[in-house]
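As annotated by TrEMBL, Na(+) binding site applies to A22, V23, N27, S251, N283, L402, S406. Summarising the annotation, TrEMBL assigns transmembrane segment to 12-31, 43-61, 82-102, 168-186, 195-221, 241-265, 277-298, 393-415, 436-457, 463-486, 507-526, 554-579.
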Amino acid sequence: MEKSRPLWDNPLQFVFACISYAVGLGNVWRFPYLCQMYGGGGFLIPYLIMLIAEGMPLLYLELAVGQRMRQGSIGAWKIISPYLCGVGVASVVVSFFLSMYYNVINAWAFWYLFHSFQDPLPWATCPLNSNRTGYEEECEKTSSTQYFWYRQTLNISPSLEASGSVQWEQALCLTLAWLVVYLCILRGTASTGKVVYVTASLPYCVLIIYLIRGLTLHGAVNGLIYMFTPKLEQLSNPKTWISAATQIFFSLGLGFGSLIAFASYNEPTNNCQRHAIIVSLINSTTSIFASIVTFSIYGFKATFNYESCINKVILLLLNAFDLEEGSVTADNLNEMKDYLMATYPQEYAQLAPQIKNCSLEAELDTAVQGTGLAFIVYSEAIKNMEVPQLYSVLYFFMLLMLGIGSMLGNTAAILTPLTDSRAIASRFPKEVISGVVCFVNCIIGLIFTMEAGNYWFDIFNDYAATLSLLLIVLVETIAVCYIYGIRRFEKDLYTMIGCKPNWYWKTMWAFVSPLLIISLFIFYLTDYILTGTLQYQAWDATQGQLVTKDYPGYALAVIGLLVAASTMCIPLGALVTFIRKRLKRERISTVA
């Protein structure tokens with residue numbers, strides 16, 4: 001079986017596959033948000049410490065396990081100990097949950113990409129109402145980019161309870177996204193190995209183009225100053241360190257089984273230690289690089305909004321007090337406001353509610369992550385650029401490449417254990433197994449294309465993986481160090497790469513990384529408990545903004561099932577193995 005196992009064409013192909021999987025949407029839409037929230041450039045200090053203490057060691061461990069055992073997650077942990085078969089099953093379950101909703105992001109990217117060829121861009125201005133006498137009321141209360149996202153893309157319902165119907169345009173985009181993924185994974189490493197060259201390299205080309213364009217935008221320097229100005233007081237905030245550890249953990253894709261699956265197709269003598277260092281450093285460098293691009297865009301958007309606000313206030317004052325054009329400028333605005341307030345107190349008091357307090361700092365402080373950053377903030381900035389169609393096509397094509405690259409890893413985590421199973425692989429060809437997995441995911445994924453689909457997306461995104469992955473990786477490190485034995489693992493590594501791991505790797509595996517994971521697990525568990533009733537952000541069309549609502553009872557039940565479905569696999573797997581062994585011993589003793 002081992003001789004017939006497919007292999008990567010060369011080590012570079014494996015590295016590209018890992019980069020394509022690890023470097024994903026989180027690098028673009030989560031890391032910049034964390035920088036913004038937790039101290040700008042100062043956030044890099046805990047981030048790099050967590051990379052050394054947690055990211056590199058755990059990535060190396062997973063790659064080494066996959067390469068040594070030459071199996072997917074279920075088979076690999078079963079070889080280490082039969083009682084650990086549930087760990088692999090838990091990884092497959094989490095990857096299945098992730099695949100169900102993650103490809104919806106690619107569907108949205110396709111939707112925006114198709115609309116990027118229009119002139120003007122459909123989110124550039126508000127659409128006219130049915131009477132064509134003005135703009136849509138909902139759009140006037142918010143912005144054209146938010147209206148396009150919430151109404152024309154999602155057609156979002158006012159709450160989770162109002163599920164609505166499937167949006168056929170989004171359903172078609174989701175079908176297309178799954179068709180593309182299926183074609184990429186059709187022949188396993190033979191097809192995936194070629195695709196990763198594109199999905200891993202093209203996003204960098206687009207980011208470089210955006211960097212050059214971003215740095216030339218008016219106000220870009222304001223965003224970069226904001227990013228690189230360290231707020232060192234945030235280092236005393238425990239959430240800063242928790243966020244840094246969490247970002248490293250999830251950005252590298254630990255615990256899903258994808259890295260174990262990819263490494264299982266390596267030559268047994270591949271230098272997985274070197275590749276773990278390369279992949280983790282490239283992943284973190286990409287996050288910082290993407291942040292520079294994002295903050296240059298932030299600076300442009302914030303400056304544009306700030307100057308627009310100033311110009312509106314100036315126009316309001318000129319018209320209200322019949323002032324000479326040019327008498328009020330951005331430089332003397334505050335002095336003129338004080339003068340008008342002293343000279344015309346009654347008139348100014350009546351006008352005061354309409355005079356906005358324009359602040360560049362406040363604009364830059366507006367922290368947005370996830371879909372809000374990817375599909376609203378970036379769209380807002382793109383529409384104000386020259387040749388917006390070009391930059392829109394480039395941006396959403398980049399999102400698509402990042403999303404598809406991550407999906408290759410997600411599906412590999414599911415398919416590798418299935419194709420490793422003799423019972424399944426002997427009955428069905430690889431193409432059929434891949435097709436069934438994609439089809440089932442696509443059908444279930446239609447839930448996320450309903451009017452309430454975005455709320456279900458948030459539930460899966462927030463709760464399907466967090467606690468489960470922490471538990472999975474904790475058991476993995478304990479299993480390798482204390483069940484399989486770190487000395488035995490040392491010998492395996494020496495056989496594979498020709499050198500034993502030094503004190504750094506062994507210390508991190510045996511003590512530091514497990515303690516960090518336990519700390520994260522306790523933090524998230526207590527956070528969920530202390531939060532009380534879980535809440536979500538719902539779109540209120542009458543106000544044109546998000547409002548906070550409590551999750552209904554059935555949604556809380558689904559959240560509980562999502563967490564339990566994967567975490568319970570670990571003790572159940574051990575229990576089933578124990579019962580089987582007990583029954584086997586009893587049969588043997590009966591025969592004897």
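Placement of Cβ uses the backbone N, Cα and C atoms for every residue, glycine included.
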Beyond the flanks of the transmembrane segment (168-186) by at least 6 residues, Cβ under 8 Å: 103-104, 106-108, 110-111, 153-154, 192, 195, 403-404, 407-408, 411-412, 415, 431, 434-435, 438-439, 441-442, 445-446, 448-449, 453
Verify whether three or more Cβ pairs under 8 angstroms connect the transmembrane segment (554-579) with the transmembrane segment (12-31), leaving out any pair fewer than 6 apart in sequence. no
Counting CB pairs under 8 Å, which listed stretch among 82-102, 241-265, 436-457 touches the transmembrane segment (43-61) the most? 241-265
State the count of C-beta atoms found within 10 angstroms of the C-beta of L402 (Na(+) binding site), not counting that atom itself. 29
With Cβ-Cβ distance below 8 Å and at least 6 positions apart along the chain, what are the contacts of N27 (Na(+) binding site)? List them in sequence order. S251, N283, T286, S287, A290, L402
If I restrict to non-local contacts, at least six residues apart, and a C-beta distance under 8 angstroms, what lies near V23 (Na(+) binding site) in its own chain? A200, P203, I282, N283, T286, L402, G405
Which chain-mates of A22 (Na(+) binding site) that are at least 6 residues away have a CB under 8 A from its CB, listed by sequence? S251, L252, G253, V279, S280, N283, G409
Tertiary contacts of the transmembrane segment (241-265) (same chain, 6+ residues out, Cβ under 8 Å): 5-8, 14, 17-18, 21-22, 24, 26-27, 30-31, 34, 37-38, 43, 46-47, 49-51, 54-55, 58-59, 62-67, 69-73, 76, 88, 91-92, 94-95, 98, 189, 272, 279-280, 283-284, 287, 406, 409-410, 412-413, 415-417, 465, 468-470, 472-473, 476, 516-517, 519-520, 523
Cβ-Cβ under 8 Å with the transmembrane segment (436-457): same-chain residues at least 6 beyond its ends: 96, 99-101, 103-104, 107, 154-157, 159-167, 170-171, 174-175, 178, 181-182, 185, 371, 411, 414-415, 418, 428, 536, 538
Count the Cβ pairs between the transmembrane segment (463-486) and the transmembrane segment (554-579) that lie under 8 angstroms and are 6 or more residues apart in sequence, then report whether there are at least 3. yes
CB-centroid shell, 8 A cutoff, Na(+) site A22, V23, N27, S251, N283, L402, S406, site residues removed: I19, Y21, G24, L25, G26, L252, G253, T286, S287, G405
Residue numbers, six or more beyond the limits of the transmembrane segment (393-415), whose CB comes under 8 Å of its CB atoms: 17, 20-25, 27-28, 72-73, 91-92, 95-96, 98-99, 102-103, 105-106, 109-110, 112-113, 116-117, 177, 180-181, 184-185, 188, 192, 195-196, 198-200, 202-203, 206-207, 209-210, 253, 256-262, 374, 378, 382, 430, 433-434, 437-438
